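Data block below; observations after.
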Amino acid sequence: MSQNTSVGIVTPQKIPFEMPLVLENGKTLPRFDLMIETYGELNAEKNNAVLICHALSGNHHVAGKHSAEDKYTGWWDNMVGPGKPIDTERFFVVGLNNLGGCDGSSGPLSINPETGREYGADFPMVTVKDWVKSQAALADYLGIEQWAAVVGGSLGGMQALQWAISYPERVRHALVIASAPKLSTQNIAFNDVARQAILTDPDFNEGHYRSHNTVPARGLRIARMMGHITYLAEDGLGKKFGRDLRSNGYQYGYSVEFEVESYLRYQGDKFVGRFDANTYLLMTKALDYFDPAADFGNSLTRAVQDVQAKFFVASFSTDWRFAPERSHELVKALIAAQKSVQYIEVKSAHGHDAFLMEDEAYMRAVTAYMNNVDKDCRL
């Protein structure tokens, strides 16, 4: 399906918002930019718009290529495009880079209008609520009163849930994939270790490393390597690499010997080349802070009591970072609140990263659900 169809060459757009944005922590961004990409056409009724919310290291480039020479397509190209589960022949699809990101939206790499210098570590902490608030401003800009669906995996799924809670009248369907209604203690611990790798890098320079012409590459590399391990399933990792060595025998040293070591270092190096350390810190804290039930006496059922959206919730059998049990919490709360919810647990060997992959059962389920979303657009 995905190999024969594509949205083709796409061009990002930077949307300026000359308005203040008051953040959850009480600070204010005097203005902000959001980098977006759109695919498909908004219909005359403006009721076929789908918002794609990205995970920790994602961005606005969801599908297609920026040029014919690009080696890689967007991060969810197998999901979004003509004839794909989120069909751009039927839906107007919007992808964006969230506030605090490093791919064109306002973030640590942006110029602070009050100082004329890069924000760096001075960019304020942002939360999932803040992202959804900025995304609502984007919807207003695009003339979209209500999303046909808000879709996201992992941290993106948290945004889809928050949309349904914060703006119940503006979301008809929420697709929450490989996500959770809040992070587990273990996940918070993983994030802290990753941040410590960055914060203690001698080249971090209190977050103003660019003004010192340095990059905390070692810390960011280690953070990514550790994070990447948690996105994979143990059995899948074992089948892919086993105990395979890069040479014929042990070297009895600390150089790269096992193939899995080589793979992780490659992933770390690649990440350092495309991502910003301050953004990584911000994104992981947004994950930690997400807990919509906290505003409702720690009751998730009360948190979703006023949602109007219908829900599609998906988890993956070997995802131990966002285990199926975490999706069950959301499903049970929605049922207790008498909301519409469809749930699927996909058997997969790929751990948390399965939400990015082209599993047949997973793709069929999303396709079937999006067919219903399309029918709602035609009522």
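Heads up, the Cβ atoms here are built off N, Cα and C, so glycines get one too.
Quantities reported herein were computed from a predicted structural model and do not represent experimental measurements.
Under DSSP, SER154 (active site, nucleophile) is assigned to coil, being neither helix nor strand in the three-state scheme. For SER154, the entry in Swiss-Prot reads active site, nucleophile, with the evidence type sequence analysis.
The Cβ of ASP319 (active site) lies under 8 Å from the Cβ of ALA178, ALA233, SER348, GLY351, HIS352, ALA354, each of these being in the same chain and 6 or more residues away along the sequence. Residues annotated as active site in Swiss-Prot, with sequence analysis given as evidence: ASP319 (among others).
Secondary structure at HIS352 (active site), as computed by DSSP, is helix. Swiss-Prot lists HIS352 (among others) with the feature active site.
Within the same chain, residues at least six positions away from ARG224 (substrate binding site) with a Cβ under 8 Å of its Cβ are GLN267, GLY268, PHE271, VAL272, PHE275. Annotation source Swiss-Prot lists substrate binding site at ARG224, ASP353, citing sequence analysis.
Residues or ranges marked as domain 'AB hydrolase-1' in Swiss-Prot (evidence: sequence analysis): 48-357.
The secondary structure of ARG321 (site 'Important for acyl-CoA specificity'), as reduced to three states from DSSP, is coil rather than helix or strand. There are 23 other CB atoms within 10 A of the CB of ARG321 (site 'Important for acyl-CoA specificity'), with all protein chains counted. Summarising the annotation, Swiss-Prot assigns site 'Important for acyl-CoA specificity' to ARG321.
Note: the Cα of ARG321 (site 'Important for acyl-CoA specificity') and the Cα of ASP353 (substrate binding site) are spaced 10 Å from each other. Residues near SER154 (active site, nucleophile) in space but far in sequence (CB under 8 A, at least 6 apart, same chain), listed by position: ALA55, LEU56, ILE177, ALA178, SER179, PHE322, HIS352, PHE355.
In the predicted structure, the domain 'AB hydrolase-1' (48-357) carries a mean pLDDT of 97. Highest Cβ count within 10 Å among the recorded positions HIS352, ASP353: HIS352.
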